[in-house]
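In what follows, a single structure is set out as structure tokens and then discussed.
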Amino acid sequence: MITAHCSLYLWGSSSPLALASQSAGITDMKFGNAATSLTANPDATTVNIEDPGETPKHQPGSPRGSGREEDDELLGNDDSDKTELLAGQKKSSPFWTFEYYQTFFDVDTYQVFDRIKGSLLPIPGKNFVRLYIRSNPDLYGPFWICATLVFAIAISGNLSNFLIHLGEKTYRYVPEFRKVSIAATIIYAYAWLVPLALWGFLMWRNSKVMNIVSYSFLEIVCVYGYSLFIYIPTAILWIIPQKAVRWILVMIALGISGSVLAMTFWPAVREDNRRVALATIVTIVLLHMLLSVGCLAYFFDAPEMDHLPTTTATPNQTIAAAKSS
């Protein structure tokens with residue numbers, strides 16, 4: 001009885017040796033489960049329990065830092081195919097829906113101001129599309145820049161005509177509202193038809209020379225729209241009734257906006273035939289010059305004389321005319 005009781009007591013006791021054996025078994029089971037989980041998921045995060053102050057480490061294959069990606073995107077070093085794919089995913093709505101066109105105006109004030117500043121201060125060696133436009137091309141800035149330019153040219157042209165004839169007794173000022181429609185036709189036709197023709201030409205040359213940089217139609221319209229911003233303050237200053245001052249202003253505006261267009265589209269054609277590339281850039285600059293010089297000559301340097309009041313015949317002239325008849 002005493003032997004059986006001692007055996008029963010030793011079997012049910014919680015000796016340190018038994019507790020150590022049980023703890024070792026549980027630890028082996030936990031490490032076995034962890035090894036199995038790590039084998040099934042190699043990218044899982046592991047923590048070293050021996051050094052609590054050490055930060056968790058990830059397995060190889062983690063993405064790059066977001067700062068480097070933002071720098072590449074800002075400088076235009078990111079792959080253009082990836083950017084175009086993301087742009088296509090963002091504009092995935094059908095073209096007949098309102099959401100499709102709403103994406104073209106999804107831009108904030110900071111982006112518009114930054115692009116206007118970039119069009120006023122062109123940086124040599126920097127591509128305007130890759131630096132400002134490609135991340136989020138928009139129509140908000142080009143639309144309102146063209147609309148503001150239309151009214152600036154029309155109103156300034158009327159004021160210039162008024163100041164030229166100010167003080168003449170035979171002149172009677174009449175507002176010329178038709179200048180608004182003429183200016184709107186010229187500006188919007190230039191801002192849409194010229195980019196359309198340039199986009200078609202680049203697509204045609206890209207089919208012949210595979211390494212030519214390709215721009216989308218929306219990006220080209222965006223570049224042309226923002227390049228016209230310099231003409232808004234220029235049109236206001238054209239009110240000064242001095243031809244020399246006006247031509248100096250138009251040359252300054254043409255130099256700034258023309259350089260933006262030339263530096264933007266030169267990388268797109270420089271891999272083409274040398275003569276074709278130079279002819280393309282010269283054509284772009286000449287069309288831009290034709291717009292600026294034409295607006296100056298039509299709206300400012302050629303004042304309208306149609307509204308001069310008709311002179312009434314004097315009584316002596318009436319009597320002389322009656323005798324001669």
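Using N, Cα and C of the backbone, Cβ positions are placed for all residues, glycine too.
Curation plays no part in TrEMBL annotations; they are all automatic predictions.
Per TrEMBL, the feature region 'Disordered' maps to 41-81.
Look at TrEMBL and you will find 69-78 tagged as compositional bias 'Acidic residues'.
Sequence annotations record features per position, and here TrEMBL assigns domain 'Yip1' to 120-292.
Long-range neighbours of the transmembrane segment (139-160) within the same chain, counting only residues 6 or more positions beyond its ends whose Cβ lies under 8 Å from a Cβ of the stretch, are 104-105, 107, 112, 115-116, 175-176, 179-180, 183-184, 187-188, 191, 218, 221-222, 224-226, 228-229, 231-232, 235-236, 238-239, 241, 295, 299-300, 303. TrEMBL lists 139-160 (among others) with the feature transmembrane segment.
Outside the transmembrane segment (180-204) by six or more residues, the chain places 142, 146, 149-151, 153-154, 157, 212, 214-217, 220-221, 223-225, 228, 265, 268-269, 280, 284, 287, 291, 294-295, 298-299 with a CB less than 8 A from a CB of the stretch. Annotated transmembrane segment per TrEMBL: 180-204 (among others), in sequence order.
Packing against the transmembrane segment (216-241) from elsewhere in the chain are residues 84, 87, 104, 115-116, 118-120, 128-129, 133-134, 137-139, 141-143, 145-146, 148-149, 152-153, 156-157, 159-160, 163-164, 187, 190-192, 194-196, 198-199, 249-250, 252-253, 256-257, 260-261, 264, 288, 292, 295-296, 299-300: each is 6 or more residues past its ends and has a CB under 8 Å from a CB in it. Residues or ranges marked as transmembrane segment in TrEMBL: 216-241 (among others).
If you look up TrEMBL, you'll see 247-269 (among others) marked as transmembrane segment. Within the chain carrying the transmembrane segment (247-269), a Cβ under 8 angstroms from the stretch's Cβ atoms is held by residues 119-120, 122, 124-129, 198, 202, 205, 212-215, 223-224, 226-228, 230-231, 234, 237-238, 276-277, 280-281, 284-285, 288-289, 292-293, 296, all 6 or more beyond its ends.
What TrEMBL records for 276-300 (among others) is transmembrane segment. If you look at the transmembrane segment (276-300), the same-chain residues 6 or more away from its ends with a CB under 8 A from one of its CBs are 153-154, 156-157, 160, 179, 182-183, 186, 190, 194, 198, 201, 205, 227, 231, 235, 238, 246-247, 250, 253-254, 257-258, 261-262, 265-266, 269-270.
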(message) If you average per-residue pLDDT over the domain 'Yip1' (120-292), what number do you get?
(response) 90
